[in-house]
Amino acid sequence: MTQSSPGITTHTGTAAPLDQANVDTDQIIPKQFLTSVSREGFGRHLFHDWRYLDSDEQELNPQFALNQPDYAGASILLARENFGCGSSREHAPWALADYGFNVIIATSFADIFYGNCINNQLLPVALDSNDMDTLFTAVHAHPQTPVTVDLEAQQVSIGDLCFDFSIAPHHKTSLLKGLDAIGQTLELEDRIAQFETTRAAWQ
Amino acid sequence: MAHTLYDKVWQAHIVDEIGEDSLIYIDRHLIHEVTSPQAFAGLKEKQRRVRRPDLTIATMDHSISTRSLAIDACGPQNALQLSTLADNCEQHGIQLFPVGHQKQGIVHVMGPERGLILPGMTVVCGDSHTATHGAFGALAFGIGTSQVEHVLATQTLKQSRAKTMRITVSGTLPTGITAKDIILAIIGKIGHAGATGHVIEYAGDAIRSLSMEERMTICNMSIEAGAKAGMIAPDDTTFEYIKGREYAPKGEDWEAALTYWKTLYSDADAQFDSEVELLAADIAPQVTWGTNPGQVIGVNAPVPGPDNFDDPVEKESAQKALKYMALQAGTRLSDVPVNHVFIGSCTNGRIEDLRAAASVARQGQVAPGVTAIVVPGSGEVKQQAEREGLDRVFTDAGFEWRLPGCSMCLGMNDDILQSGDRCASTSNRNFEGRQGRGARTHLVSPAMAAAAALRGRFADVREFQE
């Protein structure tokens, strides 16, 4: 099997709480930063409008969770329903990963964003809203307590708390093995070529 | 066994089954300057080729100016992105519609115009509004850049089957109610994430009565309800639209295609995972009041507040939205002044949209203090509008008449709002900062946008019916 990255098995780190529903991709990475032609360097613009008081990114907004000293160095982001809604821009997961996040734990995710995370080895974990409440409370109370996300066991734990999560088997395999999706498909060249012979000329 | 339209298109494109996933063949791949450069860079890095440049079509739309044809009109970064697309297309033999080309336009406007989108096709693009093309009975959805690279290299995508939702809109549309009002009312009803994980099929006599352009407006905003895609079964309206277009099948191919297309509908007893029903008669002209497209009301309804919602998430979202939008619960939209009006986008930048806006613009002058711009969705729309004299109608009324592009829908160019600006916009997203940091966007139909331009505040377009 072709591999593109080492893969994810478990991740442990502190969490930053973004206690908000419907965080859209325009908020994650605003359009003025989409003019780049590379995948790198989006982290400094992550959550630009909320994170900075000025457009030149000189003045941090002290109210914003990610700017609070308690959450400095967090590698896990907590959020609520419908995280990543809006555009298909893959710049959103690129920005989150470049900032230093390895895992996003939220009540639910928008479809395109979720797929984009998988393709970038950024682990999206969906927990039900009661578990999210408990997790937010635990992180607010003890910001320095590490959170462990075990993909193999499909569990999130913090202190004595432990939550199970579900993930589609094929997504899990992609993340665990860090597979090169294109390389895998190219191995099916014969099938693709065969399919093409069945297509009508006008298609 | 009875099948839905989605099932039929899905089944017809399975190349291989991989676990619980399917490898799906892609018939059309539309690309643009923003989400493709990293995909081409990925191909180059791995020394991979574009498998089917003949099924790939490129246009420039997001990063371009609507005031100038100069490629660097929006600065060097945008220029680099545009020239990168041109270089990639040249290198891989992909047809490009660059800035200044007569047929250039917003990808979701120019694609159908050229006859590139046909019933039963799978269509993808690195843009969430790709759902637009579902209006033809195609399975069309937005993808990320890694998937753009995957399609370029393999002409396929690995996908899981989506759930299905049928939304039936019954009855006759009241006067003054447009496709934009229908889709906003739908999103208002099911919510901003109401169709997550689903492919929607829009059905019912109110949908059936719509033109192709109106159907594109409906399907375009499927993603704003969280849907993977939106589809409408093809019929005579669809076939008439396609016939004779540049890339449409001709002669015997046309007959063969038509025979196939006529099989593309949901069987009478097909089962959907969920069903939603609306009555056309209940739909009023819609205006969004909040910061997602589901936060929408009829133009004469008072702005809701947190107390109007039972769900704690919606309650909190309402509170936050009202703060950002500088609105108070109970306010009448007819008392809310606007200082910008944007008519255009892949949702509402087609000729019928401009005709609807012009029919209102004819009745007055843009109110003092309001900047109103009209941005045709493509070169073809622009030329047609100019043949009909619509450009003069707009400019005589005080609107600006621009060059085609995505423009102020997302402000990745020089059409951007300032903090505190309030805009009546025919685009598709009213997210915080979408049209400019601190700017406030209200989504409306083209006629409603023109009415807001004339009044300087939101107005019921039914007062402008000629």
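Numbering starts at 1 and runs along the chain as displayed.
Note: Cβ is positioned from N, Cα and C throughout, glycine not excepted.
Now, the feature entries from TrEMBL:
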BINDING   B:Cys346, B:Cys406, B:Cys409  [4Fe-4S] cluster binding site
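The binding-site residues listed here are B:Cys346, B:Cys406; among them, B:Cys406 has the most other Cβ atoms within 10 Å of its own Cβ. Within 10 Å of the C-beta of B:Cys409 ([4Fe-4S] cluster binding site) there are 30 other C-beta atoms, taking all protein chains into account. Within 8 Å of the centroid defined by the CB atoms of B:Cys346, B:Cys406, B:Cys409, the record's [4Fe-4S] cluster site, lie the Cβ atoms of B:Asp61, B:His62, B:Ile106, B:His108, B:His129, B:Gly344, B:Ser345, B:Thr347, B:Gly349, B:Gly377, B:Gly405, B:Ser407, B:Leu410, B:Ser427, B:Asn428, excluding the listed residues themselves. According to DSSP, B:Cys406 ([4Fe-4S] cluster binding site) sits in a coil region rather than a helix or strand.
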